[in-house]
Amino acid sequence: MEHRATLKMNRYLFKGTAVGALGGLLFGFDTAVIAGTTHQLTRVYALVPWQLGLTVAIALIGTVIGAMSAGAIGQKFGGRDTLRAMAVLYVVSALGSGLAWSWHALLAARLVGGLGIGGSSVLGPVYIAELAPARWRGRMVGMFQVNIVIGILFAYFSNFAIAQFHLGATEWRWQLGIASLPAELFLIMLFGIPRSSRWLVTQDRIDEARQVLELMGSPNSWAELKEIVDSIHTERAHRSEPLFSWKYRKPIFLATTIGMFNQLSGINAILYYLNDIFAAAGFGRVSGDLQAVAIGATNLVATLLAITVIDKLGRKRLLLFGSVGTAVCLAGVAYVFFVNSHQALLVWLLMAYIAFFAVSQGAVIWVYINEVFPTKVRSKGQSLGSSSHWIMNAVIAYSFPLLAKSSGAYPFVFFASMMVLQFVVVLFAYPETKWVSLEQLQLQLGIE
């Protein structure tokens, strides 16, 4: 009987974490689906490069706002209920984008979607981490990142599949609007999962918190509950600790630079404008859609590989390896555009680039930001690193079509040079955190 009860409780745990991770899939889908629509949007709304850049970047502006405000809102109303609101934003954005009657209406819909992306990017992993037992927490939170990549692949495949119906002028509406279906599923499923025990403790709802722990299969709910209570008391004691003080200068430098370099690699500009890149190189529409699917699949495989090697090879070594690999691939892409030949190499170079990125920057960034800050300012530090990442993402997304207007090679020359700079900065300024305790790391960084 006890075994059967444990299986049942584990199903609750699986359901809760799976629903939380589904927010990652929507995050990835909404982020990448725009890639298949930029050509038609440019034609339908007669967009000049800066307008196309704004059309893509407006969602990222919403993402910055959503990410920065989600923590406080989630703390007040709880991660589960706030994720429900994010799901509503996803639905409204998808339907609003698909039914947009003007360019400005499309901008408004994408801004709303960005709020949902930003909110779920913060609250999804937090909800999973608070729900999952400590022994499974790393793997379960890691599923959020995997689901983002799966969402990107689904977006590219969805664009390719819809293109096969030859819907003409309405094709882009279906490509953007179809995101409402997984968003509605996400919303419905959020009504079948509990609040997190940690949030319930912050609201002094101790009995409810213990019930959730038992539901999730905790072998000793009272002991785990005491750990949560003690942890929250410690956090409250350090809540007034300022982040921007001299002793935290090194973690601040590490978090902001890794966030910025993550986007200066060009990763999201390439994901957003992938079909335009293929079109500029002379590929047909259907061919570009299909090659985008291949690149999305490469991203997924490399991300799964990264999860298995990050603790074995170390963060710094992966960043150095990725810097060299991405720089070489980006330089190769720039060469293809400069000489306007060897177009067949383009898809292979981009697939190699995606693989190098996924096993380095893609795998390391959030782990590294989490490790370099001490507990007392970790949440503030994570917010800072995340904000630098999203702000640079918006800047790059807006600037890419302006830079590519003169030559398709110029953006890739810039991205390649940034990866060379990243190699130098990581080599001389980044400490290795593999197998280093958080206490030892703080000593290395001069914090304690």
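Every residue gets a Cβ built from N, Cα and C, even glycine.
What TrEMBL says about a protein is an automatic prediction, not a curated fact.
TrEMBL tags one of the stretches 197-219, 381-403 as transmembrane segment, and that stretch is 381-403. With a cut-off of 8 Å between Cβ atoms, the residues of this chain six or more beyond the transmembrane segment (51-73) that come close are 30-31, 34, 38, 41-42, 45, 82, 86, 103, 106-107, 110-123, 272-273, 379, 383, 386-387, 390-391, 393-395, 397-402. Recorded stretches compared: 141-162, 174-193, 345-369, 381-403, 409-430; the one with the most Cβ pairs under 8 Å to the transmembrane segment (252-273) is 381-403. Residues belonging to the domain 'Major facilitator superfamily (MFS) profile' (16-434) score a mean pLDDT of 89 in the model.
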